[in-house]
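Under the heading signal peptide, Swiss-Prot lists 1-27. Taken from Swiss-Prot, the feature N-linked glycosylation site applies to Asn45, supported by sequence analysis. Marked as Ca(2+) binding site by Swiss-Prot on the basis of similarity to another entry: Asp206, Asp230, Asp234. Annotation comment: Swiss-Prot describes Arg286 as active site, evidence class sequence analysis.
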Amino acid sequence: MRMTLVHLSLSLFSCLLLVLSPTFIASTPVSEPELVVQEVNEKINASRRNLGVLSCGTGNPIDDCWRCDPKWEKNRQRLADCAIGFGKHAIGGRDGKIYVVTDSSDKDVVNPKPGTLRHAVIQDEPLWIIFARDMVIKLKEELIMNSFKTIDGRGASVHIAGGACITVQYVTNIIIHGVNIHDCKRKGNAYVRDSPSHYGWRTASDGDAVSIFGGSHVWVDHCSLSNCADGLIDAIHGSTAITISNNYLSHHNKVMLLGHSDSYTRDKNMQVTIAFNHFGEGLVQRMPRCRHGYFHVVNNDYTHWQMYAIGGSAAPTINSQGNRFLAPNDHVFKEVTKYEDAPRSKWKKWNWRSEGDLFLNGAFFTPSGGGASSSYAKASSLSARPSSLVASVTSNAGALFCRKGSRC
């Protein structure tokens, strides 16, 4: 992944941007991340208690927030109030207009055609982007998003596939929901527009499904992701305030990288919630692979991995709660965890803990650091949904089949 973005300008003022670094949109990290963990667990338990009241309830607090409404398509922006965890304040285009994508083409990435997805995401104002019909969108170059945008695939079968994919670079308040993103390719060495007034030269991209680079307040929910050139969801270079939830991930090697490098200490501010995802068939490693920050991994279903599930380096804090881990049959790869680039004398001081996880077929988690010490006391005050029920909570992971006039 990279940060090169050379702006061409329509004015002398814009030309000055050629010599400046991109604006870094920072998000102040939560000073007590355990309180966010506690809030997530409270919402999970509240949804569980409401199962007897809501006939459509699942115990998944995100889904129970909006999926019971048969008129969801008339109140699409309500979804923005349903996130949990570190990305809960990502409002996307909640306060803007609805933009309907009517054209699946992507012929001109410098002057995108109105009605295309690219034309929608580069606008300066908040927009809630929906799709007029089922579409397969093959992007010619990276889809560079502007701030305060929601991509909402509900009501259509939307595939972003076979070309470049989504880049969230130095922007904030992004929601990506209900789309299929797969077979992403490396692109680049081309001019690409990133706003109505600027376009710039993009160097070669890695081919991630969703690349978050210096982004904040980002929520990726109910997407199906697979088979891309590099990562499925990668977040680096100071990205933070992220929730990754209800996604179905499959057929991929390096699934999720959270943190740029061991030496990039700005990622100490990274805080990510990973909840209710199904890590499915054909996955190898990095579910996720973490550096520096705080990572809450809660109520996910791990049914396949070939090397390891959760790994990291540079002393990240990993809080694993109520997940289900089904190990592969190969006895060499039963361990859930992988401590990287450090001897045991160092990694034993990191804070990796497992609470209420379910381990099947010989799976095991190697904890480190304080474990259930005071640093986790607040996070432990309420447990996540029991891991034995994870299969039901994640049964609808991935892009949903939603039709107007009925519940999703």
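Even glycines carry a Cβ here, placed using N, Cα and C.
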Winner by Cβ contact number (other Cβ atoms within 10 Å) across the binding-site residues Asp206, Asp230, Asp234: Asp234
DSSP three-state assignment for the residue listed as 'active site': coil
Least buried by Cβ count (within 10 Å) of the recorded positions Asn45, Arg286: Asn45
Rounded to the nearest Å - Cα separation of Asp230 (Ca(2+) binding site) and Arg286 (active site): 11
Cα separation, Arg286 (active site) to Asp234 (Ca(2+) binding site) (Å, whole number): 10
